[in-house]
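Here the structure comes first, spelled out in structure tokens, and everything after it is commentary.
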Ligand SMILES: Nc1ncnc2c1ncn2[C@@H]1O[C@H](COP(=O)(O)OP(=O)(O)OP(=O)(O)O)[C@@H](O)[C@H]1O
Ligand SMILES: [Mg+2]
């Protein structure tokens with residue numbers, strides 16, 4: 001494309017964005033909202049997945065003991081645990097130590113424990129480490145049958161629920177996103193249709209004097225792409241703001257929460273969102289060009 | 001494209017045009033037009049003149065027969081070639097079809113810009129065709145500041161700015177008074193003298209009778225007369 005030609009296209013796009021200002025704003029607005037929601041769902045799903053996989057890779061089983069067992073019984077349990085195949089380490093965590101650890105994890109929020117009136121609800125426990133994540137489930141089943149063991153808890157238990165939650169979020173997200181994408185494409189294609197209508201005389205003359213179809217189509221395609229790009233960029237900015245604020249808030253309350261760090265995650269999200277905007281814009285204008293331009 | 005030995009720039013062989021609604025606009029037309037000819041297409045309203053013109057521009061395709069123009073076969077040509085066919089033609093309509101928000105200069109330059117002509121060439125060519133139609137001074141005017149005759153002269157300038165081999169005009173004087181019509185015909189005559197083929201559909205008896213050029217008369221889609229030097233032929 002010649003320089004002079006691209007200059008012409010850019011001018012044409014600027015003119016029609018100005019001419020259709022309300023429709024242009026509406027288009028940019030819908031793109032922004034739709035992509036913001038898309039981005040939100042991607043962020044949520046990505047974080048849930050990360051949580052799931054970090055839990056899944058854990059090879060620890062917390063074995064909680066019944067309250068009233070003797071020291072002798074405890075030693076027997078410890079020996080039995082060490083004898084189990086696949087078990088690499090067994091560590092005793094007394095209830096006093098457990099509450100100390102819990103306090104340190106709470107950090108600033110330690111005051112929450114005052115509600116407990118200095119009683120300790122935590123049981124004595126063994127922390128069992130196995131050699132690989134695949135045997136966690138069967139090992140736990142076996143351990144739970146030991147005499148004096150109250151329960152054996154492992155992270156993968158949570159993982160299954162988390163996966164279900166992720167699936168649900170994905171489906172709901174997908175449905176909402178498909179709906180919003182449809183609405184966005186509809187609005188963009190209507191904006192472009194207005195431009196086609198406003199320029200129908202010019203288009204007719206262009207055809208008579210021998211402009212190529214692509215020369216005629218380009219400004220319309222470009223207009224859609226610009227609308228999509230602006231919308232995408234805006235929602236990328238909003239998403240960045242939302243995620244940084246949210247992570248800061250969450251870390252404030254729960255320092256150990258496994259959120260995906262902002263860098264480079266948000267850069268990827270921004271790229272995805274802006275590309276989606278451009279794609280949606282191009283699609284919307286392509287529909288209009290097909291239906292109304294007749295070139 | 002056209003070979004230099006081909007002297008027929010337009011050829012219609014057994015051409016018929018039947019519209020989708022069944023209206024027969026042209027029926028078994030056979031003509032050939034040589035390079036440099038000046039041809040009037042005459043006939044009453046509904047005779048098929050505009051359909052004839054539209055075939056040449058490939059706005060419509062023939063229902064039967066073959067139309068060849070500037071070396072392009074209208075029926076079989078590739079869609080990608082249509083713009084290039086049209087670049088070899090200059091077209092003028094009764095209603096001028098200028099862009100109201102562009103000046104005289106911009107309207108003419110538009111025809112060059114959209115086929116991506118170099119800027120320097122645009123300036124030179126536009127000025128020179130504005131000279132041909134006598135509107136160099138009014139280059140800054142908008143169409144609504146011009147008379148009908150002046151607007152049509154701008155349209156002619158736009159039609160010839162890309163140096164077409166053939167100028168095709170559908171009732172170019174239809175909206176103009178006799179005096180102004182003659183200004184237009186004077187320009188056509190000069191363009192023709194420079195070697196450009198001209199095909200002009202018209203109702204205007206006086207013009208046809210005075211010009212003494214080739215006349216193709218169409219009635220109900222048939223060619224009823226084709227005289228190399230003729231007049232309108234009958235009263236309307
Ligand atoms: N798009 C169309 N669809 C259907 N019929 C058409 C169409 N265009 C023209 N016709 C018919 O074809 C016939 C020839 O029309 P055409 O426009 O070629 O005549 P014309 O000689 O240019 O008339 P005029 O002098 O009034 O401009 C007419 O009967 C007309 O009704
Ligand atoms: Mg007509």
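Including glycine, each Cβ sits where the backbone N, Cα and C put it.
The feature transmembrane segment is assigned by TrEMBL to A:21-46, A:171-197, A:218-242, A:262-283. According to TrEMBL, the feature domain 'FtsX extracellular' maps to A:59-151. TrEMBL lists A:175-291 with the feature domain 'ABC3 transporter permease C-terminal'.
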Beyond the flanks of the transmembrane segment (A:171-197) by 6 or more, those residues with Cβ under 8 Å of it: 16, 19-20, 23-24, 26-27, 30-31, 33-34, 37-38, 41, 44-45, 203, 220, 223-224, 227-228, 231, 280-281, 283-285, 287-289, 291-293
Remote residues contacting the transmembrane segment (A:218-242) - C-beta distance under 8 A, at least 6 residues beyond either end: 9-10, 12-13, 16-17, 24, 27-36, 39-40, 43, 184, 188-189, 191-192, 195-196, 266, 269-270, 273-286, 288-289, 293
Tertiary contacts of the transmembrane segment (A:21-46), as residues 6+ beyond its ends and Cβ separation under 8 Å: 166, 169-170, 173, 176-177, 180-181, 183-184, 187-188, 190-191, 194, 227-228, 230-232, 234-236, 238-239, 242-243, 260, 265, 269, 272-273, 276-277, 280-281, 284
Reported mean pLDDT - the domain 'FtsX extracellular' (A:59-151): 85
Long-range environment of the transmembrane segment (A:262-283) - Cβ separation under 8 angstroms, sequence gap at least 6: 31, 34-35, 38-39, 42-43, 46, 181, 184-185, 188, 221, 224-233, 235-236, 239-240, 243-244, 247
Helix-strand-coil residue split for the domain 'ABC3 transporter permease C-terminal' (A:175-291), DSSP-based: 104 helix, 0 strand, 13 coil
Residues in the domain 'FtsX extracellular' (A:59-151) grouped by DSSP into helix, strand and remaining coil: 47 helix, 22 strand, 24 coil
